[in-house]
Amino acid sequence: MQMNGSSSSFGPGGLDLAQSFFKPIQNGAPPSTTKRHTKISVVGVGNVGMAIAQTILTQNLADELALVDAKPDMLRGEMLDLQHAAAFLPRTKISASADYSVTVGSDLCIVTAGARQKPGESRLNLLQRNVALLSDIIPPLAKHSPDSILLIVSNPVDLLTYVSWKLSGFPSNRVIGSGTNLDSSRFRFLIADHLNVNAQDVQAYIVGEHGDTSVALWSTISIGGVPVLSFLEKQQIAYEKQTLENIHKEVIDSAYEVINLKGYTSWAIGYSVAKLARSLLRDQRKIHPVSVFAKGFYGIDGGDVFLSLPAHLGRGGVLGVTNIHLTDEEVEKLRKSAETILEVQNQLGF
């Protein structure tokens, strides 16, 4: 059953208030058919999905927002809750349904739905359940919006982005995982906090798996355009490698800390995904570390694999991968990260 927004018809006679309330001007033309109408669909209205939806609305990123979930009561409740804020938000049509036809004509489909790990359940078994879940989600999304971009947020994001690519039949540039975009934001925050500068002035990337084998690209970090490590060396300022590794470990552990404290993460991933949506749909051509088809980059050739690399994003999806010079150690770690993902991927047999 589809649950739409409010209608212009009113009362049992179906009086169309829009037609009655407004009188068209003389010699006018109908609205231009070339005007761009932007539609975003969000699958999964849990804490993450709703944080994303709320941020999309407040940042005025879509003309239409469609919500999909398997729980119709909660879905309708979330839709109504957002609609009731209409007087405080940019004008956006909000609809919701358990039927994927509500997503038809989407420019961007964001998938946050995922099964939660049961006590004692193996990571592989959880992954298999999430693959089964995506098997019911991705094909109808692709059917109703064959020209859309798929943005996968569900975890483990690199593996599920690969699965979504296979299920959709989309070209690889139109299937993206949220990857380490948020990890990199955490990384930038921690560095900025250490040096007492604005995080927006810190250029720093976490790449590879969104997980324990992620790679901090220390060799490429700059602050206000100044490469950090080379500056320290030229100034003969000593630093310990362990200090750098501790910061990276803090990035990896930070999500677990938030989950332990409040039960889930939501706001930071909401802002992260909204930033990706803006870059994609507004053709911003910004660089984001997101999960992309990585085969052929930095010697990754063990099979088809998605992991995070600094990607150039625009209206066509992934426009390219930034050719950043990495140290030999960073390249080796990145390849091992790819091997870790591929090992689990092969166990899936997908």
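Every residue gets a Cβ built from N, Cα and C, even glycine.
Residues or ranges marked as domain 'Lactate/malate dehydrogenase N-terminal' by TrEMBL: 38-177.
Look at TrEMBL and you will find Gly44, Val45, Gly46, Asn47, Val48, Gly49, Asp69, Asn130, Val153, Ser154, Asn155 tagged as NAD(+) binding site.
Annotated domain 'Lactate/malate dehydrogenase C-terminal' per TrEMBL: 180-344, in sequence order.
If you look up TrEMBL, you'll see His210 marked as active site, proton acceptor. There are 30 other Cβ atoms within 10 Å of the Cβ belonging to His210 (active site, proton acceptor).
In the structure as shown, the Cβ atom of Asp69 (NAD(+) binding site) sits within 10 Å of 23 other Cβ atoms. A straight line from the CA of Asp69 (NAD(+) binding site) to the CA of His210 (active site, proton acceptor) spans 25 Å. Between the CA atoms of Val48 (NAD(+) binding site) and His210 (active site, proton acceptor) there is a gap of 16 Å, rounded to the nearest whole number. Sequence-distant contacts of Val153 (NAD(+) binding site), defined by Cβ-Cβ distance under 8 angstroms and a gap of at least six in the same chain, are Val48, Ile52, Ile110, Val111, Thr112, Gly177, Ser178, Ile269, Val273.
Within its own chain, Gly44 (NAD(+) binding site) has Val68, Asp69, Val111, Thr112, Ala113, Gly114, Ser154 as residues 6 or more apart in sequence whose C-beta sits under 8 angstroms from its own.
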